[in-house]
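Taken from Swiss-Prot, the feature motif 'Cysteine switch' applies to 90-97. Per Swiss-Prot, the feature Zn(2+) binding site maps to 92; the stated evidence is similarity to another entry. Annotated repeat 'Hemopexin 1' per Swiss-Prot: 286-335, in sequence order. The feature repeat 'Hemopexin 2' is assigned by Swiss-Prot to 336-382.
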């Protein structure tokens, strides 16, 4: 249960660099565990020197206290025995930070009848036992909402359920036996809503091994839009624990209020009635083949094309031309929505992402430490408040920044703005009108995105060679 995925759980001696419990020394494995746990579930971004060498360990203490508070432990700020024991417990793989009973933005299914498919099976249990466990897990949520579920045997369902080991194609590899048991994604298109179970676990229907019904009930709560709860009585509490009454799970009031805030109560006399809070209108989800579609930013990332719009982005890969649709927060939780510009400086294997007067550096699915920074650190004058578009030209190792009717050129090698800039866009890119939304450099051409149109520009001939719809990259 993680939030680009949702996962079910889950050095040399460290002297004064890390808070210790009494005179106990933490061994390498304990420190590795603590570091990985805080990074994975509490968004801790360590600095090697600070983490292992500085005596001022307040950032570490705060993260330990944050973990202790969420999981209901005594807030000592130290790696005491109770804290280390909790870190060893199997749990959901979704991070605990966020403070939402539902996911940010409250994603939900826009219908009450939801399909699911069990794609493959664990060898630990008979197929019919797996079928029954999943059906009962969904029934837990069905009993307190208007939702109904139906299973299909082929094709794509709203919720695709599968068993896998290690790296399985979603940036959230499983870790073998223990700790992260499973993960699921919040509602949405593509792999959103799907639930993955670590097949390295020993799945069971009783107290031995890992109880599939209990884990599935938790994970499918994520598939319906619920986040983690810090209530130990809640089914959505992230740490796994077997209940002897597992055949008759009773949702906590926290669980009921969370799911009913998304879908309402079950329309029957025996349903638990909970007032449904008013919900602010959510931003519309962009439609890829909308003829009026425009993009906020466009870039490449390690050979893939990324097209950003509001809270979402499309991802088109070389091996799968059908674009995937994702929430920005699912890959980069700390990035804002409604981006202004993005470009890949692939000589540095990173993407710079801009919004307002700030920018972030991203490598893979990690936002780099030390960001955001102010755009003026790149050499812009104080009069520049935001960037409209940016693009990197690999052959020249130059980045072009477009602002209004002008553009700047940045030397990536020297990390300085080139002299003689800004210049008018129309002087050097004839046929391209000011106020560019996004720019992409690919196949020897510049592609300028302006509203719902894009212009293919040949830099050698200094002319526009084609005019296309912006979303033609999305097979529209």
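Cβ atoms are placed via backbone N, Cα and C, with glycine included.
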Tally the residues of the repeat 'Hemopexin 1' (286-335) by DSSP class, grouping H, G and I as helix, E and B as strand, and everything else as coil.
4 helix, 20 strand, 26 coil
How do the residues of the repeat 'Hemopexin 2' (336-382) split into helix, strand and coil according to DSSP?
4 helix, 21 strand, 22 coil
How would DSSP class residue 92 (Zn(2+) binding site) in three states?
strand
Cβ neighbours of residue 92 (Zn(2+) binding site) where a neighbour is any other Cβ within 10 Å:
30
What average pLDDT is reported by the model for the motif 'Cysteine switch' (90-97)?
71
